[in-house]
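The active site, proton acceptor annotation in TrEMBL covers ASP93. The active site, nucleophile feature in TrEMBL is assigned to ASP268. The annotation substrate binding site is assigned in TrEMBL to ASP93, SER94, GLY95, GLY96, PHE97, ASP147, GLN191, GLY218. Residues or ranges marked as domain 'tRNA-guanine(15) transglycosylase-like' in TrEMBL: 15-369. Residues annotated as region 'RNA binding' in TrEMBL: 249-255, 273-277.
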Amino acid sequence: MSLPNHFDLVATDGAARTGRLTTPHGVVRTPVFMPVGTAGAMKGVHWREVRDAGADIVLGNTYHLMLRPGAERIAALGGLQVFTGWQGPMLTDSGGFQVMSLSELRKVSEAAVTFRSHIDGAKIELSPERSIEVQRLLGSDIAMQMDECVRLPAERDDIERAMQLSLRWAERSKRAFETAPPGYMLFGIAQGGDIPELRQASARGLVDIGFHGYAIGGLAVGEPQSVMLAMIEEVAPILPPDRPRYLMGVGTPDDLLEAVARGIDMFDCVMPTRNGRHGVAFTRFGQVNLRNARHADDPRPLDEESPWPSARNCSRAYLHHLVKSGETLGAMLLSEINIAYYQQLMHDIRSAVSEGRFADLREHIRAGWAKGDITAR
């Protein structure tokens, strides 16, 4: 059974698309990059800066939030938006990926995943129904089905088993979501590893079940970019063109640019804040490592043309000093700069697609990265 559509496709340019996704907490402009607030907070960045940078929507992690402070507690306090202070749309993942990657003691069955909390060792069972229940308690605008993600490389039998299990869990997730209030959304997740026919089978199965939107999961888990892009090309043509498409856990600015060129609408990744905490900035010149000694005496800003104040006003020498000194402010400033860069990139992509010049923008951005960082005077 098809679910109501909340996505308006505004323009296309080749396979690239731009649109508007209407949620209970606001409109999301696509293509969109969602900064990741793992435990209900952006590491080192206030929501004010996230919003000022241009973010329409952020992501929260079901696994972390259900363990601490707990979904029932968050619900009693008014839901994620009230609890965290972020007043815009929020998407939550199902918790499945974190269970697979963080919990050493886990058991996967048809019914559920049983695991031990990485916090206190408590034994916890997460089923598709419980995952949806937790996400409804959190109050996220967009929930994700429970799935099993297999790290690559993996044997075909393991990939196929996980894909088939994820399809059965998709049906259960949808049934559990039936009581959600109007306007809230559930996305299905296509699995299948790096095997084209399994990816296609997963996508067709999800379309038959019917979701508000469709995600491509199980990528950016160790495979080359070429494999990731090839899997997008297998899946995207199967998905309904009037529904949003979400590439989970991706990625670098280059990944985003290439995935948009293949019809992807939504992205998330911890990279902007994680790299910022490690002294690396994303710029129109490519990545700039502020730990490098060459920045120690450089009075110039990181990028004098950036729309973000810290990138224009803080000298490279100062940012280098903060990073080398281990000052928290350094991580905060670089995380803000990186989030702002990602949001500006998506803004530029949306504008270019709307105006039919995405190919030119893609070439221009790539030329800037290829040229590299400006040299010291």
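Cβ coordinates come from backbone N, Cα and C, glycine included.
Since the structure is predicted, the reported quantities are computational estimates derived from the model, not experimental observations.
Features as recorded by TrEMBL, highlighted on the structure.
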residue : record                       : Cβ neighbours (10 Å)
ASP93   : active site, proton acceptor : 30
SER94   : substrate binding site       : 28
GLY95   : substrate binding site       : 26
GLY96   : substrate binding site       : 25
PHE97   : substrate binding site       : 23
ASP147  : substrate binding site       : 30
GLN191  : substrate binding site       : 29
GLY218  : substrate binding site       : 31
ASP268  : active site, nucleophile     : 22
C-alpha spacing of ASP93 (active site, proton acceptor) relative to GLN191 (substrate binding site), in angstrom: 15
Spatial neighbour of ASP268 (active site, nucleophile) that is closest, considering only the recorded positions ASP93, SER94, GLY95, GLY96, GLY218 and their CA atoms: ASP93
Cβ-centroid neighbours of substrate site ASP93, SER94, GLY95, GLY96, PHE97, ASP147, GLN191, GLY218, 8 Å, sequence order: MET100, MET144, GLN145, MET146, GLU148, CYS149, SER166, ILE189, GLY217, MET248
Maximal Cα-Cα distance (Å) across residues annotated as binding substrate, namely ASP93, SER94, GLY95, GLY96, PHE97, ASP147, GLN191, GLY218: 15
Collapsed DSSP category at GLY95 (substrate binding site): coil
Rounded distance in angstrom between the Cα atoms of the residue listed as 'active site, proton acceptor' and ASP147 (substrate binding site): 10
Per-state residue totals over the region 'RNA binding' (273-277) - DSSP helix, strand, coil: 5 helix, 0 strand, 0 coil
Within the region 'RNA binding' (249-255), residues counted as helix, strand or coil by DSSP: 3 helix, 0 strand, 4 coil
